[in-house]
Amino acid sequence: MQILKSVSELLEFRNNCGGSVGFVPTMGALHNGHATLIKNSVSQNDDTIVSVFVNPTQFLPGEDLEKYPRNQSGDIKICELCGASALFFPNADEIYSKDEPLIIAPKRISTILEGATRPGHFDGVCMVLNKLFNLVSPTRAYFGKKDSQQLVIVQNMVKRFFLNLEIVPCDIVRESDGLALSSRNSYLNDDELCYALKLSRSLMRASNLIKANELNSNIIKSSMSECLEPLKVDYIAVVDRNFEPIENVEIGNSIILVAAYVGKTRLIDNIWI
């Protein structure tokens, strides 16, 4: 596996790729969820490029940019074990200039839920991914369903900008107890890890209600809210795959999402119905 630390090194590597190229963009602190994305890419492409870049434009003032977990040696090891061809560590000064053109995410979907709590976040996501897609020129790019709102926004960007790549959604990876894997889980102490399970358990309750033919969104959200106590809940939402709110769950076309604070750490989770 090659370690690439500049745009010129990346472009040279990419020019020598003869077949399909899979791309896994990350912010590092890689875990088994990322490993699944990388393995999926390795199995479906001739070469796989992973990027690690803690993108400053998607963090708001006061968010955890400086505290965001970083583990370069661990990231390298995971990428090697998963069979990645190259690992790209961009430099922010190369990625961004002082006179940066703006890319604005679609207003409706980028200003609700995650976008309401983190205004401008998805603009930063679109900005960096547009640059990385142009640099890597991947055949396919891999994204986890855990960040489902981001996934839908990226799919929209690829379509609207006529980018020649396939976005491959990958299922959420969970611990054996149901906790969705997240780099931010490293912030949690043992007691908080127990409370964090309330997110996945609230979604399991929603799933069980749906299996019992309860499809009313308000009833499902109310039951989830009870399950989440005493956490500080940011939102509970039932939407279709275009992130339009729906009054009743539509089997095969719905996402149920939750965001809540466990201590000072904000966690998200969802299930696709």
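Any Cβ shown, glycine's included, is placed from N, Cα and C.
Annotated features, as they stand in Swiss-Prot:
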ACT_SITE  H34  active site, proton donor
BINDING   27-34, 144-147, V173, 181-184  ATP binding site
BINDING   Q58  beta-alanine binding site
BINDING   Q58, Q150  (R)-pantoate binding site
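Location within the structure of each feature annotated in Swiss-Prot.
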{"residue": "M27", "record": "ATP binding site", "Cβ contacts under 8 Å, 6 or more apart": "V52, F53, V54, N55, Y68, S183"}
{"residue": "L30", "record": "ATP binding site", "Cβ contacts under 8 Å, 6 or more apart": "V52, N71, G74, D75, I78, C79, S183"}
{"residue": "G33", "record": "ATP binding site", "Cβ contacts under 8 Å, 6 or more apart": "G144, K146, I172, V173, A180, L181, S182"}
{"residue": "H34", "record": "active site, proton donor", "Cβ contacts under 8 Å, 6 or more apart": "V24, T26, I78"}
{"residue": "Q58", "record": "beta-alanine binding site", "Cβ contacts under 8 Å, 6 or more apart": "H121, F122, D123, G124, V125, V128"}
{"residue": "K145", "record": "ATP binding site", "Cβ contacts under 8 Å, 6 or more apart": "L151, P169, C170, D171, I172, N270, W272"}
{"residue": "Q150", "record": "(R)-pantoate binding site", "Cβ contacts under 8 Å, 6 or more apart": "E114, F122, V125, F143"}
Number of Cβ atoms other than its own within 10 Å, given for S183 (ATP binding site): 18
Coarse DSSP state, helix versus strand versus coil, of H34 (active site, proton donor): helix
CB contacts for V173 (ATP binding site) [other CB atoms within 10 A, all chains]: 18
